[in-house]
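Visitor: Could you have a look at this structure, given as structure tokens, before my questions?
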Amino acid sequence: MSVPEDEERLLPLAQRWPRASKFLLSGCAATVAELATFPLDLTKTRLQMQGEAALARLGDSAGDSAPYRGMVRTALGIVQEEGFLKLWQGVTPAIYRHVVYSGGRMVTYEHLREVVFGKSEDKHYPLWKSVIGGMMAGVVGQFLANPTDLVKVQMQMEGKRKLEGKPLRFRGVHHAFAKILSEGGIRGLWAGWVPNIQRAALVNMGDLTTYDTVKHYLVLNTPLEDNIMTHGLSSLCSGLVASILGTPADVIKSRIMNQPRDKQGRGLLYKSSTDCLIQAVQGEGFMSLYKGFLPSWLRM
């Protein structure tokens, strides 16, 4: 039933433009969450790059050195060697990324749920539709946000490059975008997009499926009610499963995004995400795919 134009003007903005409002609200919530948890993300990225065996082919001694061990010592090392505020190095493109990713994912998921899949006759939305819709929405949101993710990862490693005596690559966020664009073109901004969307799909699948399953189990089989305690326990479990599924793709994504490139923007270490996976397992062992797992789980 359509609303008369005069009455529509009197409606709140959230009702007049529901998808735009959800995009903005998701972006604001993501910004707050990003600022609060970014040190965990920086620590995760540094751990993922630690002991990168493929660097040995370029004669880079950084691939053999591992100055930090574990999440806490990595964070303390950053504070002691680079300064406390460096725990937020790269936070600006990270905020850009989360505004685009969270907003795009939310709008896509709402569209898929209401238009593409729809609810069943009893107005229930099946779990399998939530899983598929969540995975597809995560893929779309992550693909759109890939350029900001690329800049974030590279800026997070600038402090380590300085400690190793290497020249810094960027003067700031906008210089990073401009430099990547000039060296690799539009395609260069989407370096690492394949493992990036794989990670998004796996994380969303594990997150949604586990959260609903655990919450329903707790409500039906324990004295707990549908309250903040139940939500917290469900989130803890869903974050664990999402991290188990998504961390290997996250490690590969970060390494591909951070690898040195030639003048044409082609990677010097890895030909593809599969090549990165093989080199990591052969050179560092299978568990290298789970570097940065703990800060990733805590952040989720």
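Heads up, the Cβ atoms here are built off N, Cα and C, so glycines get one too.
Whatever TrEMBL says is automated annotation, not expert-curated.
Note that the structure is a prediction, hence the values are computed from the model and not measured.
This is the feature table in TrEMBL:
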- 21-115: repeat 'Solcar' (REPEAT)
- 125-217: repeat 'Solcar' (REPEAT)
- 226-300: repeat 'Solcar' (REPEAT)
Visitor: For the repeat 'Solcar' (125-217), what are the DSSP-based totals of helix, strand and coil residues?
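Guide: In the repeat 'Solcar' (125-217), the DSSP-based counts are 77 helix, 0 strand, 16 coil.
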Visitor: Can you count helix, strand and coil residues in the repeat 'Solcar' (21-115) using DSSP?
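Guide: In the repeat 'Solcar' (21-115), the DSSP-based counts are 81 helix, 0 strand, 14 coil.
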